[in-house]
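Worksheet for the structure shown next.
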Amino acid sequence: CAMDWQVLTRELSLYLESQVRVGLFGSGVGLSLVLGFGVAYACYYLNSIAKKPQLVASNDRFCRFLEEYCPVVTETYYPTIWCWEGRVQTLLRPFITSRPQVQYRNELIKTADGGQISLDWFDNNDSLYYPDVSTRPTVLLLPGLTGTSKESYILHMIHQSETLGYRCVVFNNRGIAGEDLLTPRTYCAANTEDLEAVIHHVHSLHPSAPFMAAGVSMGGMLLLNYLGKTGRDTPLMAAAIFSAGWNVFESVESLEKPLNWLLFNYYLTTCLQSSVSRHRQMLEKLFDMDLVMKARTVREFDKQFTSVMFGYRSIDDYYEDASPCRKLKSVGIPVLCLNSVDDVFSPGHAIPVETAKQNANVALVLTSCGGHIGFLEGIWPRKCTYMDRVFKQFVQAMFEHGNKIFSM
């Protein structure tokens, strides 16, 4: 840390000397003040902001496996020096990060209730490491609440997978990716039926291929709820979870604080309303859509729409069922979960640290900064985030060395 401080201070001093003119009348006071502030800020950043993440895992072998094959989870995370606060990272990430070009192959699959699900495949047929389609490792990606295969964080995961030679498939929730609703049903964080159908479908197409999944935000919640339900009875060999909301009651309470409502809650509510308004003619068969469109918070939307659609007696029953912290003990495959403790969507005090310690298959990686799906790093964090690096290293570790995880 002392070496980092010395290097950063020296570089900052050289930059300021070349860019900042000597103060008024040549006194040099202005330069001294700027240098003093810069050194003080650098010291504060290195001592209070840049920290190693907290790795929580009860299984020593899992820890050793991660330390050897996924070392990024033990290295100091240096958030972008001018953009480290959680809300700022959350707001800026979609605008700052690049959007890699990805060519998808779309597939619509039918569900048991007569609905349809849109899957976007990145086959990676140019893979040099895995030219055999039948055994090419496959990663199933689950976007967030109103997200699709076009989200920048999904595109970056596919880009990382492409360099490793893997195949990806993105699970778009019903009615989100431009396809029509064939039945008056969308999706929620608690109901895993569609995810089960997708996992079965993908595995049936490539039964000899190693198979993993990664979920982001609500996608991570859905994946955790699925894993808690199925235990070891799943074709998935492992999973990665990013910025999941562990306790929905705590998440909505945090999002309803005045500043968070202004910055996130109202916008997210309008996104939810927009996603269902396109299917209004179908949904009006069962719902009072005028009432749904009057919601001003996520809680109000879920009360009038989501909890009713999936047959819950109350919104509290839905939120209890949707909270992955209740099912974490039952997860039966290796799972790595990345959260930032300053994430307003998933408050640090609601992260189930003690519960995670009771399951040898679970490892939590907790950073002090990063926000919600933020994890920006570098001076200009356009190409790769800390989350991207965790995803890449963990997926590669499991596909290429997963058989060693319980033998170390």
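All residue numbers here begin at 1 and follow the chain in the order shown.
Keep in mind that glycine also has a Cβ here, set from the backbone N, Cα and C atoms.
Bear in mind that TrEMBL entries carry predicted annotations, made automatically and left uncurated.
Source: prediction; values computed, not measured.
Pulled from TrEMBL:
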- Ser217: active site, charge relay system (ACT_SITE)
- Asp343: active site, charge relay system (ACT_SITE)
- His372: active site, charge relay system (ACT_SITE)
- 137-378: domain 'AB hydrolase-1' (DOMAIN)
- 22-46: transmembrane segment (TRANSMEM)
Over the span of the domain 'AB hydrolase-1' (137-378), how high is the average pLDDT in this prediction?
97
Are there any residues at least 6 positions away along the chain from His372 (active site, charge relay system) with a Cβ closer than 8 Å to its Cβ? List them or say none.
Gly86, Gln89, Thr90, Ser217, Ser243, Ser340, Asp343, Val344, Phe345, Ser346
Cβ-Cβ neighbours of Asp343 (active site, charge relay system) (radius 10 Å):
28
